[in-house]
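A short write-up of the structure that comes next.
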């Protein structure tokens, strides 16, 4: 006897399972089954496809008029941080630049101070609250970066918190050491601080899967970033890079040359960098909510990357300064509106390709897969990025069990 059958599904979304990320035109290929059925036993998928009455189960969910998809993957977050920066919004409205806000004691260094002052347990409670919000919105796989400690004690504190969260909730969660995220005030120079972070790599390897660096004007150069990435690979890390967010420094080209698993942001990436994606499996993780929040007009050139047969994914970039959202459904809508992605491209970018960007087996519904699913209160898969700003996730299913039920009920 099976444990659960989800039947009469209006649309069952079945992203293609591949060893490598979907590239170029492949991203627009999505198997959408009308009147579908999913059968689950022992937390695994037994069957997923067109409607069938050939299976029995102890529990049945009628998904008439609903969409069922794999649980979503958020491939770029800064989940563990102290404090918040809502007061900076008024400064931005007054026309203050990021550097001016930084000089006033705001910006990333204010988050560094707040994170340093927050105990590990309090940091855990805050991150747990934010993680549960992600789960309620359909996410069951997450990447979590450090980068707000900028010293040994506090970088480790951030990584320990994300590891505790993964253990408590048994999530597909990957942890990224982003020690070179900014340069703290106490550092004698960028170069000296970078060497401090490189020296930490063997120790943080016990808590982190990836090593990341912020390659940008005024932070770390291309040469410094390459040095760090090479040292990280020597220490056993797969590497990522925050690249070309503001200036076209060649961060995307560096990521491809160093065989990074992903290059993230890429708003200012050059045509040369986009062309190099053609022969690379590095995933371009695009973060359109960041561009929106910062009030910028130019978004990452998703269409140019796809035209060059590149692989792209989407993520929230959840952080307190430039993308204060942990709702990936909002990102899906922004990507459709501003990156000009089709509904199929959006869905693949938050499932199978996002999973490739953090090196996990997720984002598909195949026989033998973990039964990590979302039942959406939507008539079709195009409706979710179309009707933006609300939570369409009705039920979130983890390992075959309903762990979130957002069904509305009122007492009048």
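All residue numbers here begin at 1 and follow the chain in the order shown.
Any Cβ shown, glycine's included, is placed from N, Cα and C.
According to DSSP, residue 76 (Zn(2+) binding site) sits in a coil region rather than a helix or strand. Summarising the annotation, Swiss-Prot assigns Zn(2+) binding site to 76, 78, 242, 317 and lists sequence analysis as the type of evidence.
Under the three-state DSSP scheme, residue 242 (Zn(2+) binding site) falls in the strand class. When other Cβ atoms within 10 Å of the Cβ of residue 242 (Zn(2+) binding site) are tallied across all protein chains shown, the result is 28. Swiss-Prot lists 76, 78, 242, 317 with the feature Fe(3+) binding site, giving sequence analysis as the kind of evidence.
Residues within less than 8 Å, Cβ to Cβ, of residue 245 (4-imidazolone-5-propanoate binding site) and separated from it by at least 6 positions along the same chain comprise 216, 265, 266, 267, 268, 290. Sequence annotations record features per position, and here Swiss-Prot assigns 4-imidazolone-5-propanoate binding site to 85, 148, 181, 245, 322 based on sequence analysis.
As annotated by Swiss-Prot, N-formimidoyl-L-glutamate binding site applies to 148, 319, 321, with the evidence given as sequence analysis. In sequence order, 77, 78, 81 are the residues near residue 319 (N-formimidoyl-L-glutamate binding site), counting only same-chain partners six or more apart with C-beta under 8 A.
Among the binding-site residues 76, 242, 317, 321, the ones whose Cα is located within 10 Å of the Cα of residue 85 (4-imidazolone-5-propanoate binding site) are 321. Of all the binding-site residues listed (78, 85), 85 has the fewest other CB atoms within 10 A of its CB.
When the binding-site residues 76, 242, 317, 321 are ranked by how far their Cα is from the Cα of residue 148 (4-imidazolone-5-propanoate binding site), 321 comes first.
Set side by side, the binding-site residues 76, 181 differ in how many other CB atoms lie within 10 angstroms of their CB, and the most is found at 76. The distance from the Cα of residue 242 (Zn(2+) binding site) to the Cα of residue 322 (4-imidazolone-5-propanoate binding site) comes to 14 Å.
Other residues of the same chain near the Zn(2+) site, with their Cβ within 8 Å of the Cβ centroid of 76, 78, 242, 317, are 77, 145, 264, 265, 287, 290, 315, 318, 319, 323.
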